[in-house]
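Dumping what TrEMBL says about this protein:
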TRANSMEM  A:12-30  transmembrane segment
DOMAIN    A:97-309  domain 'ABC transmembrane type-1'
TRANSMEM  A:99-122  transmembrane segment
TRANSMEM  A:134-156  transmembrane segment
TRANSMEM  A:185-204  transmembrane segment
TRANSMEM  A:243-270  transmembrane segment
TRANSMEM  A:290-316  transmembrane segment
Amino acid sequence: MIMPLLRRLGQTVFVLFGISALVFTVFFATPGADPTARIAGRNAAPQTMEKVRKEYGFDRPLPVQYAIMMKKLFITRDLASYANRGELVVPEIMRAAPVTLSLVTGAAIIWVVLSIAMGVIAAAFKDSWIDRGLMILGLVGISIPVFWLGQVVNLITQNRYHDTWLFSWVPGLGYVPFSQSPSGWFLALVIPWCVLAVMFVGIYSRILRADLVAIMGEDFIRTARAKGLSPTRVLLRHGLRTALITFVSLFGMDFAQLVGGGALLTEVVFGLPGVGRLTYQALNSLDLPLIMATVMYSAVFVVLANALVDAAYLFLDPRVRDVG
Amino acid sequence: MLANTPAPPLLEVRDLCVSFTSRGQVIPIVENISFSIGDREILGLVGESGSGKSITAMALMGLIDAPGVHVTGSARFRGRDLLALPDRQLRALRGREVAMIFQDPMTAFTPVYTIGWQIDEQLRVHQRLSRRQARARTVELLGEMGVPDPANTANRYPHQLSGGLRQRAMIAMALSCNPSLLIADEPTTALDVTVQAQILELMRNLRTTYGSSVLLITHDMGVVAETCDSTLVLYSGRVAETGTTRDLFAHPQHPYTAALLASIPPMSGPRPDRLPAIPGGPPQPMERPVGCAFAPRCAHTHATCLPAPPPRFCTVGPGHTVACVLPAEGAPLPPRSGSSTSPVL
């Protein structure tokens, strides 16, 4: 029990080190990214430049700078932004995290429910017009860029038709914390949830359908039918249950990368102050501490999700349980 | 075959045809197969791969649902035509009255559920049983099938069991609702020889312990000799010869049957350098000859074999019929040399 956990921890540390070192070196190798000039301001006097360089430790060798930054990020947690002086990045991320989590969780519920329904129905009516219709719908969902869809939805609900009865309930862009007003939270997020879910519904329902169709040709499905089970039971208890193994592992990874900041476009379009938008701002202002913090945050989630997916695998697939 | 019993047989199949349409062309897979199985009878359905054995079984179970497949004929099971029954009624019959076991026990169980769960499921679909009652019956069945430590084995997943155990579990599941007919599609092909013998022993005992009839599909003449009361030889989707196993093995009348029997290694006497083999391969369904399907590979082919329709059935003994022109032309095959009257190998 201890060994696998330790191994996982070792992997996590290794992955985090790799990514942070990469981000760090790429940053300092980027032309025009010299933080001294940015912090000191335009046309700063050489003395000021020198002073800033000393204060921030930019005169020290890169490995030392890297070590200091990691220490400030993970141990003392007082890493400050270069762009907004004195702004600590760790609390900034902690403030953004619940927004992203709210957005992604809601969208995930929508896309899981819808894609399972669509995938199962399409597989049950394989090759009929229902199947074709649903799969074309899925393809449309995949092809629509999320930022475009978000903008169009905003245009309609915030602008053109905001005063009609249909959309008058839509609140202005932005986020309302759940603790402040649960209904406000829901209203502010329901449109972003749907917009973010559209593409995933498309992808997941198509994958699930393909998986189910393949599984329905397996020997054990023939056995289940020979047992005298109803077609619904064969499809759900035997087919869907087996197909869920792939579905869940995919879901784990997608969910994690979204929580880690992958919902950036949706957050920017809907003005939600989440981790994705923070990443976007950090990249815009080339603010290394904030970039580093958001990237690390995202990496932690991906690694964590990997572990959870593995655990879910053990739960869902008895064949994996006995290996190793 | 219990020919003198006045009661209708348990299952009577008449003119079963299975064909499918591909690019506007109708391709016959199985043509006019007729046979019957009496109570507690074991009928062997023998033939090479692709001869239509499994398709016949699947058609009887109503398990063929591929688009373009056409099944005609009748299969009266206890007075009801399996081929004409509405889906819902057929489903109620499936698993309860007619059960099936499959060739490969490795892939025939759903991998994500325990063996016990899957047997419970079948029990509870057909009978009003609580979870606990179903499991008790499952454990009992597994025990009867010779599964060691049945209570624990029921809680294991398919991949955790050996092939032999899995096939025993499969048979236990098939027998869970006391079916009167068991269709076994090559139940021993994927197993090694010792396990094979045990499984066949188990199948032979079913008729006394469960009163079940068995339709045993196999390509192995040895298995037939050991297990079946009567035998039906299929060649390229058509019946070549049918009769009691004893008659068929002693006096095969179809050159194909004779050639199949000749290719079994002899148990006594001098060993041949090479076993006799049938030259060539069976025809594809699309290229099946209009006359006798076996003609291109037969040593006795002559002019009457070739034109359509295929040779009529010719009765050569009680319950022994053959689709060959030789007996009718007064030139039947001689009895097998060195064959004992009893079909024991």
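Cβ atoms here come from the backbone N, Cα and C positions, even for glycine.
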Please work out whether the transmembrane segment (A:134-156) lies in contact with the transmembrane segment (A:243-270), by counting C-beta pairs under 8 angstroms that are 6 or more apart in sequence and asking whether there are at least 3.
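Counting Cβ pairs under 8 Å (6 or more apart in sequence), the transmembrane segment (A:134-156) reaches the transmembrane segment (A:243-270), since there are 3 or more.
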Find the member of A:12-30, A:99-122, A:185-204, A:290-316 that has more C-beta pairs under 8 Å to the transmembrane segment (A:243-270) than any other listed stretch.
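Answer is A:290-316, with the largest number of Cβ pairs below 8 Å.
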Taking the transmembrane segment (A:12-30) as reference, which of A:99-122, A:185-204, A:290-316 has the most Cβ pairs under 8 angstroms?
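Ranking A:99-122, A:185-204, A:290-316 by Cβ pairs under 8 Å to the transmembrane segment (A:12-30) puts A:290-316 first.
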Using a Cβ-Cβ cut-off of under 8 Å, list the residues of the same chain that are 6+ residues beyond the ends of the transmembrane segment (A:185-204) and lie near it.
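Those are 102-104, 106-108, 110-112, 114-116, 118-119, 137-144, 146, 149-150, 153, 157, 169-171, 174-178, 247, 250-251, 254, 258, 263, 266-267, 269-270, 272, in sequence order.
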